[in-house]
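First up is the structure itself, then whatever we jot down about it.
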Amino acid sequence: MALLPRALGVGAAPSLRRAARALTCAMASPGEPQPPAPDTSSFDYLVIGGGSGGLASARRAAELGARAAVVESHKLGGTCVNVGCVPKKVMWNTAVHSEFMHDHVDYGFQSCEGKFSWHVIKQKRDAYVSRLNTIYQNNLTKSHIEIIHGYATFADGPRPTVEVNGKKFTAPHILIATGGVPTVPHESQIPGASLGITSDGFFQLEDLPSRSVIVGAGYIAVEIAGILSALGSKTSLMIRHDKVLRNFDSLISSNCTEELENAGVEVLKFTQVKEVKKTSSGLELQVVTSVPGRKPTTTMIPDVDCLLWAIGRDPNSKGLNLNKVGIQTDEKGHILVDEFQNTNVKGVYAVGDVCGKALLTPVAIAAGRKLAHRLFECKQDSKLDYDNIPTVVFSHPPIGTVGLTEDEAVHKYGKDNVKIYSTAFTPMYHAVTTRKTKCVMKMVCANKEEKVVGIHMQGIGCDEMLQGFAVAVKMGATKADFDNTVAIHPTSSEELVTLR
């Protein structure tokens, strides 16, 4: 600090000290920084993408004294706020209300034949999202972060430079946090594929579809199929194999498939769309079912109002002109980074879905903040630990999972060193209801001390109960630690501390 102005010493205001520290950290990077071109605006930190990860990193950097800017071409908040987690959770809550209405009579209430209005919930949902957009805008303004509206592409310059609407911007530290986009089949693969929509289009629907076909077996497909079915749409879920969520623990994969079918979703197994045609009564799908050991059969699904592709997500990196600065990607376009979120180009970083690892909003936020602390607070070891990240699927009933699946644990520790505890029961909520859902739980333990390395569950309340158990797994709790915890009765969560 001796080389800094006297005003930035011990007695300086916190904001000035933070700015000085940020400047010191930025200057501490190895290599000789090149001055920007005369027609280029310069910042300490330039973030491409105004989604959860980018905004979290920019705001944390600003708190630490960096002069930051965010480039965003659309609405602030990214996928999560606009076409993901937030509006999805509103629709899931709506679907849960619909399910509970079926149980009112069993709980002693007079028959409730409430008529559902898609228009009402859509209007309220969209208004809520709009309020969040405004909050994000205000937060950036309060943090003195400049917002640059437009599409960013890397351009020529003495150091990594970004061009937006004909203007150039640069910084010693540039973060790419552009997220991902839904995958859509190419017309050459499936003629008429463009007649379908994606999860983005789901939030643009003006009416509840009468007949829906969801294609995909991942969590997005499962969630949307469950929502539409619960709200009254005749729904089919088309999957290539015989189970959904095949990357999850086998217990969850099997049980979720069963619960979907019990809830009235038609699960079309070993089935794929071959062609889509538009008719006077909607869409007509030609599908092929190829059950192993049997001859493939072709059938038609007529009068489809909503065909929704939920077959994965692609990195939103195509328009960035990454080759201009030589940033390396994989074959799908995911930006390659190391454990500290560094790309192969000095001073350029990436977080979130564009990297293709753990596509979850809290992961992008945590990684972005850790990066800001490393760059502007001199915390050189600041990085996100990607192990034991908890996740929830808002299915019906919801799924909670953290840590290793049984198969992953066996692969890591050996079959003889893994012990499984599991249970299945009917939640007390259903003690008096005609409608039933199960709750299933599995605890994966490793080695002699029976360290808990994985917890997987599906049932009412599993979404909310997971967070606390995830802390225990992250801290290295053992089965004995769970056993020594007094149960809360009567709850579903007590099952995890009474497993035998």
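Using N, Cα and C of the backbone, Cβ positions are placed for all residues, glycine too.
The cysteine that Swiss-Prot pairs with Cys85 in a disulfide, picked from Cys80, Cys112, is Cys80. From Lys75, Lys122, Lys324, the position flagged in Swiss-Prot as N6-acetyllysine is Lys75.
Glutathione binds Ser52, Arg59, Tyr136 as Swiss-Prot records it, and from the list Arg369, Arg374, Arg435, Arg500 the residue named for this site is Arg369. Site annotation (Swiss-Prot, ligand NADP(+)) includes Ala217, Ile220, Glu223, Arg246, Gly312, Leu359, Val392; from Arg211, Arg240, the additional listed residue is Arg240. Distance from the CA of Glu72 (FAD binding site) to the CA of Arg369 (glutathione binding site) is 19 Å. Taken residue by residue with DSSP, His489 (active site, proton acceptor) is part of neither helix nor strand, so it is coil. Taking Cys80 (FAD binding site) as the reference point, the recorded positions whose C-alpha atoms are within 10 Å of its C-alpha, out of Ser52, Glu223, Val392, His489, are Ser52.
In this structure, Arg369 (glutathione binding site) is part of a helix by DSSP. For the pair Arg59 (glutathione binding site) and Glu72 (FAD binding site), the Cα-Cα distance reads 15 Å. Taken over all pairs of the listed glutathione-binding residues (Ser52, Arg59, Tyr136, Arg369), the Cα spread reaches a maximum of 16 Å, rounded to the nearest whole number. Separation of the C-alpha atoms of His489 (active site, proton acceptor) and Val392 (NADP(+) binding site): 24 Å, rounded to the nearest whole number.
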